[in-house]
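Heads up, the thing below is written out as structure tokens.
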Amino acid sequence: MMRWPPCSRPLLGVCTLLSLALLGHILLHDLEVVPRELRGFSQDEIHQACQPGASSPECRGSPRAAPTQCDLPPNSRFDCAPDKGITPQQCEARGCCYMPAEWPPDAQMGQPWCFFPPSYPSYRLENLTTTETGYTATLTRAVPTFFPKDIMTLRLDMLMETESRLHFTIKDPANRRYEVPLETPRVYSQAPFTLYSVEFSEEPFGVVVRRKLDGRVLLNTTVAPLFFADQFLQLSTSLPSQHITGLAEHLGSLMLSTNWTKITLWNRDIAPEPNVNLYGSHPFYLVLEDGGLAHGVFLLNSNAMDVVLQPSPALSWRSTGGILDVYIFLGPEPKSVVQQYLDVVGYPFMPPYWGLGFHLCRWGYSTSAITRQVVENMTRAYFPLDVQWNDLDYMDARRDFTFNKDHFGDFPAMVQELHQGGRRYIMIVDPAISSSGPAGTYRPYDEGLRRGVFITNETGQPLIGQVWPGLTAFPDFTNPETLDWWQDMVTEFHAQVPFDGMWIDMNEPSNFVRGSVDGCPDNSLENPPYLPGVVGGTLRAATICASSHQFLSTHYDLHNLYGLTEALASHRALVKARGMRPFVISRSTFAGHGRYSGHWTGDVWSNWEQLSYSVPEILLFNLLGVPLVGADICGFLGNTSEELCVRWTQLGAFYPFMRNHNALNSQPQEPYRFSETAQQAMRKAFTLRYVLLPYLYTLFHRAHVRGETVARPLFLEFPEDPSTWTVDRQLLWGEALLITPVLEAEKVEVTGYFPQGTWYDLQTVPMEAFGSLPPPAPLTSVIHSKGQWVTLSAPLDTINVHLRAGHIIPMQGPALTTTESRKQHMALAVALTASGEAQGELFWDDGESLGVLDGGDYTQLIFLAKNNTFVNKLVHVSSEGASLQLRNVTVLGVATAPQQVLCNSVPVSNFTFSPDTETLAIPVSLTMGEQFVISWS
């Protein structure tokens, strides 16, 4: 039996979802009456289709009359046999059309041979009623489908929540069904003005959502029948464009193919490869429309599902349970779509400053002595290192919250030494808890058993699987008692070993046996009538039984939330244990994950293909509100090469989360392992990242408080330029920096797209003033682009980074840790537009405290340049950041040599001007938290 918690549980923001629906004939919300031929089968046809007593699953309530209107174009067909292959006779028994079609070139799946006719019976819209927040209606079905346990009467609630957000649910009014326990906004009145209009088809039921601005149809569910059976829900819609992204996690291009593509969402432990379900599930997509417009759609459903894309273009959601809970975001531009999505699922957490430094790990640092030596080697080679990690090696028998007294006997002292050196420490923590020891020998299991925190099997006993420590039980993080138990375990272990963050792995959850060591029951949860395209051919492949019981529901419903709920528990536990900003990196994710944790992209291979694929992966997770994301630099599986590792380090310097990690028995790949030439190239990339950390930290602040992205695709900034829509091997940091990495072997040039505007090579900024880099070789210092592809020089020691005209970025002298770099002098790079304008921002606090915004313990500055004058605007100043010392202002785009430079009305005599690069370098001695004015003439 499912155990339902009271509505007051902290995660149950949707426990009592707001219920409203759209009705026609009011304002712009017109109820369309569809033509007679589209209304479905007549009662006579229904009677002829299925005589009383018919029991065949192909006939159960389904019309047998030969369908008409089967002359649909192949790309506009919607599959009438999603569950299995069927014969022409079985297809017609379902009331569908059968017509063979060729497999399209380069398609992942074929066009359906058995497909719905336009007249296929669906639901009918009835009892339309106006409510305070929108409208409500009843949906009734007269003819059952070919799936068991159809729900014949449904309730439609539609909420016009905001100007740009429309929300509707379809659910069973008679029986409570599982709903995702994600806290979402509540509204109590209808938005007075909207960017959308809504129309309805009465029979067959359908919803059409249009953008008022141009009348474009964004959502049209009339293209295929609605299914709502107990274990099969299908909602299809047309798409206004083939340019669609989202629906993570998958390995591939940022833009999805609409050429018959199926994306499966069921979190799975598997090394990333194309066309398989990976570690996370994010049922959200964003569509780019003509004219720079965009919209997004979010299906708040955590059950196993397929999402099918077809060339018409159209999309079909196929879920195995829950309800249909749909949000539509009107933008109107892509940036706003992302922010509106994050308004629903939550803005990202603010990471500690040190978390943006370099992290180093590998599976195989088998002793504390080896771990110490790695840190020492990094220091001797003059490579920055902020956070040292350990994999399973530190554990006693690979059990959580223990350490090996033989190989890590001085583990607590080692961590203290890292702290004394200005560094931090993170270790792996898997969710599975060893269950095989004698009672009283392993406190996490003993306490968990006593407190009832584990997922249970059909007998009510803890489900036992097998993971790294052997036999294991799995904590149920939807149980409030489990959150408290996890907090206790984390706090107790932290009292022994003062770690600084948690790396939560294997949390799909991963299991080395199918389901459990005792197998799984033979029931409809284990063998659903519709099985999405999961790797392994069963829901229990590499995980636990779908029918196992959790506090909120069955694992069948909650599987995709496991990583999210563990991230929340770990986030909360770290706050309790440390009293400072938590740092959690998780492998498994779901919508809203960025509120609690970052993500790394899993067990990637050390090859050029996976290096290249990491760029769209980083971009996609930023669109999904998980900006703290990165891939294992140099690759995890297999052996890297020197050139690959150099290029990966250069790109990795621009991952929001920068970590080098590799597998047991792989060749070592720490930066100091390579030739001096390679080391110097890597050192330049490290230096560049550390110099730019103030800008990166400011971007994370903006993501945290405004729902912005950190790393972002070009189309987010330039949506009106269609050439940017498919660019996914370059990335932007915020609005200002364009990174064009080398992603292929043996290349000394790289071609990138430069949107319209002026772009300054960042190497023309005199960072040698920091004493860290030699002056750059002569380069093409500025690109005046009309929107074009540009081939750039990219020798092995170079990653191309360009600063966009109109922007100002803060920089700081580098060091081997952020503890030291935060003490260095600041600099500002000012990139002028043709009209001589630019602006930028700096956010600064102590880098790790909680509640700095509420307490006012931060400094926020706005920088403005106009009319040959540069000023700082003091938005908020506190002791944190007020005393930062500014030593250099570099102005790019100064066309003529200045005769005079003034700083606070005092002449600056030692400024320099380079006519070749149009660069004005102004040495200053200023305090950032005090008003200043710099001018040149």
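The backbone N, Cα and C atoms fix where each Cβ goes, and this holds for glycine too.
These numbers come from a predicted model, not from an experiment.
Cross-referencing His359, His549, His661 against the substrate binding annotation in Swiss-Prot, which names Asp391, Arg587, Asp603, picks out His661. Checking the candidates Cys70, Cys91 against Swiss-Prot, the cysteine paired with Cys114 through a disulfide bond is Cys91. Note: the substrate site is recorded as Asp391, Arg587, Asp603, His661; in the same chain, Cys361, Trp363, Ile428, Trp503, Asp505, Trp600, Gly602, Asp632, Phe636, Ala663 also have Cβ atoms within 8 Å of that site's Cβ centroid. In the three-state DSSP scheme, Asn377 (N-linked glycosylation site) is classed as helix.
When secondary structure is read from DSSP and collapsed to three states, Cys97 (disulfide bond) falls in the strand class. Burial estimate for the recorded positions (Asp391, Asp505, Glu508, Asp603): highest at Glu508, by number of other CB atoms within 10 Å. Near Cys114 (disulfide bond), with the C-alpha within 10 Å of its C-alpha, lie none of the recorded positions Cys520, Asn867, Asn888. Take the CB of Asn220 (N-linked glycosylation site) and look out to 10 A: across all protein chains shown you find 20 other CB atoms. Ranked by Cα separation from Asn220 (N-linked glycosylation site), the recorded positions Asp391, Asp505, His661 are led by Asp505. Comparing Cys91 (disulfide bond) with Cys97 (disulfide bond), their Cα atoms are 7 Å apart once rounded.
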